[in-house]
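Asker: Mind looking over this structure? Questions follow.
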Amino acid sequence: VGEMETAPKPGRGVPPKKDKLQTKRKKPRRYWEEETVPTTAGVSPGPPRNKKNRELRPRGAKSTHILKKSRISKKPQVQKKPREWKNPESQRSLSGAQDPFPGPAPVPVEVVQKFCRIDKSRKLPQSKAKTRSRLEVAEAEEEETSIKAARSELLLAEEPGFLEGEDGEDTAKICQADIVEAVDIASAAKHFDLNLRQFGPYRLNYSRTGRHLAFGGRRGHVAALDWVTKKLMCEINVMEAVRDIRFLHSEALLAVAQNRWLHIYDNQGIELHCIRRCDRVTRLEFLPFHFLLATASETGFLTYLDVSVGKIVAALNARAGRLDVMSQNPYNAVIHLGHSNGTVSLWSPAMKEPLAKILCHRGGVRAVAVDSTGTYMATSGLDHQLKIFDLRGTFQPLSARTLPHGAGHLAFSQRGLLVAGMGDVVNIWAGQGKASPPSLEQPYLTHRLSGPVHGLQFCPFEDVLGVGHSGGITSMLVPGAAEPNFDGLESNPYRSRKQRQEWEVKALLEKVPAELICLDPRALAEVDVISLEQRKKEQIERLGYDPEAKAPFQPKPKQKGRSSTASLVKRKRKVMDEEHRDKVRQSLEQQQQLQQKKEAKTKPTGAWPSALDRFVR
């Protein structure tokens with residue numbers, strides 16, 4: 001039997017055969033990569049091993065030892081982070097060109113300050129380290145948010161409209177027919193007249209999105225429609241006098257102040273509620289962020305109704321007789337009431353007394369309006385005076401104008417235009433911008449109607465003024481009245497039914513409590529130092545000691561044999577002496593400062609030096 005040939009073992013100098021699957025294929029070279037040059041002539045370099053790590057980490061010496069996790073000690077040895085090697089060619093594009101303006105584009109400081117909401121100059125007194133760190137994080141987040149908002153302002157493509165006359169031409173002489181002829185077809189369709197003389201005079205109200213219009217006549221006619229497409233939603237006759245009408249949080253619900261009680265209807269004209277606790281209502285105002293319907297009645301009561309739960313939050317007696325002049329401040333949700341004694345009172349549901357009272361006119365107040373920023377208030381009275389007041393704490397009149405017949409109705413637009421209804425004439429005044437008060441010297445536009453004015457309101461996000469009068473409804477074109485860009489998440493005129501339902505749920509979750517309505521909403525984010533100190537005193541009296549007081553020093557025991565009673569007492573006395581020295585040093589510094597102030601007051605300024613001054617101590 002012949003001997004079988006045995007295969008040689010790989011450990012005896014015979015190289016093992018390479019498996020075809022284990023061999024790595026050569027990576028194809030792209031046209032933008034550099035060709036690898038062989039190290040030695042005639043020898044082709046092998047495939048690159050871990051090319052990413054070789055590019056990121058510099059080559060080290062062969063003797064370098066890589067630290068590994070120790071098997072003896074439980075703590076792993078920390079390996080130093082290798083320095084990354086930045087390839088300058090990686091910043092270039094494929095074509096080899098470099099960005100001439102690297103990084104984000106700079107944002108002007110003025111634009112950022114327009115979106116800034118935190119006043120960094122005001123610091124929290126005696127704030128703890130944890131509170132201070134939270135404030136710093138909040139300030140950093142707010143600064144980043146304001147920068148993002150300033151950058152996104154470039155995406156607002158629409159610009160506000162304007163009306164300019166020719167050289168020396170007065171814009172008040174331009175009539176509505178000339179404006180309709182000059183604008184495009186879509187804008188011209190927004191000017192219309194509804195001849196409803198049979199059921200007038202009319203009160204009207206636009207929805208928050210500016211898409212729907214509701215109006216009610218004195219003889220019981222109530223209707224709601226999509227005024228852009230002229231599609232009628234509902235039309236009913238309540239067979240009772242209608243004094244005011246308001247949309248609630250959406251165009252699906254409608255509040256109508258009828259002769260006797262307050263009624264709630266849906267957009268199909270079906271009566272949903274009859275609120276008998278709100279009787280003989282004359283004016284309505286809806287606070288959208290609080291879901292509150294404010295009603296003013298003939299009996300002199302101001303009532304707040306929470307429409308989300310159907311409960312009356314507050315019923316306040318103004319003690320000023322019949323209430324038929326009411327307006328809301330969109331900035332802080334404070335209700336302004338005009339009275340027959342010439343005063344305007346400011347109300348909040350959290351207070352039984354008015355927040356402020358302003359004496360505006362010598363006669364009774366006929367109309368009140370507040371601009372969208374909450375800065376200016378316009379009033380008109382029986383003394384034929386039209387005044388604009390500053391609401392930023394001073395409540396002083398900024399300008400006044402005497403009108404021939406007096407203004408019975410006032411309204412502000414989103415960009416600060418002021419409209420006044422005087423009989424059958426409508427006058428509009430414009431200012432320098434949104435944050436500036438309107439100039440009462442010369443009117444911006446003038447229009448004459450077919451009957452006396454009974455209601456005024458500017459349409460949100462449209463350069464349109466709706467006027468309700470004894471002859472029906474008139475829609476006027478007022479260039480530059482509204483904001484050109486809207487927030488699609490808050491007030492979207494083109495939202496669908498599903499989007500409206502989702503927005504309603506979100507708005508209910510974010511509802512602001514009625515107790516937070518005050519004159520300055522920024523005060524809610526501040527710390528009430530006086531109340532904090534009073535609460536601390538009451539806590540000390542109740543407990544008998546101050547829980548936040550500094551605990552007395554207790555020395556910790558040291559090693560064996562070094563913590564005797566004498567050494568503990570010595571260390572405790574040393575700390576007490578240091579604290580006593582600090583107190584004495586502070587008291588001496590305060591006494592020196594008081595002495596210097598007294599000397600500065602007693603010593604006459606500008607006096608000649610005397611030789612006896614050397615003895616003064």
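The chain as shown is numbered from 1 upward.
In case you wondered, yes, glycine gets a Cβ from its N, Cα and C as well.
Curation does not apply to TrEMBL; its annotations are automatic.
Owing to the predicted nature of the structure, the values given are computational and were not obtained by experimental measurement.
For 59-80, the entry in TrEMBL reads compositional bias 'Basic residues'. The compositional bias 'Basic and acidic residues' annotation in TrEMBL covers 575-586. If you look up TrEMBL, you'll see 443-521 marked as domain 'BING4 C-terminal'. The region 'Disordered' annotation in TrEMBL covers 1-106, 541-617. Look at TrEMBL and you will find 358-392 tagged as repeat 'WD'.
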Asker: Should anything in the same chain at least six residues away from the compositional bias 'Basic and acidic residues' (575-586) have a Cβ under 8 Å from its Cβ atoms, list it; otherwise answer none.
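Answerer: Long-range Cβ neighbours of the compositional bias 'Basic and acidic residues' (575-586): 553.
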Asker: DSSP says what for the region 'Disordered' (541-617): how many helix, strand, coil residues?
Answerer: 46 helix, 0 strand, 31 coil
Asker: Counting by DSSP secondary structure, give me helix, strand and coil numbers for the domain 'BING4 C-terminal' (443-521).
Answerer: 17 helix, 22 strand, 40 coil
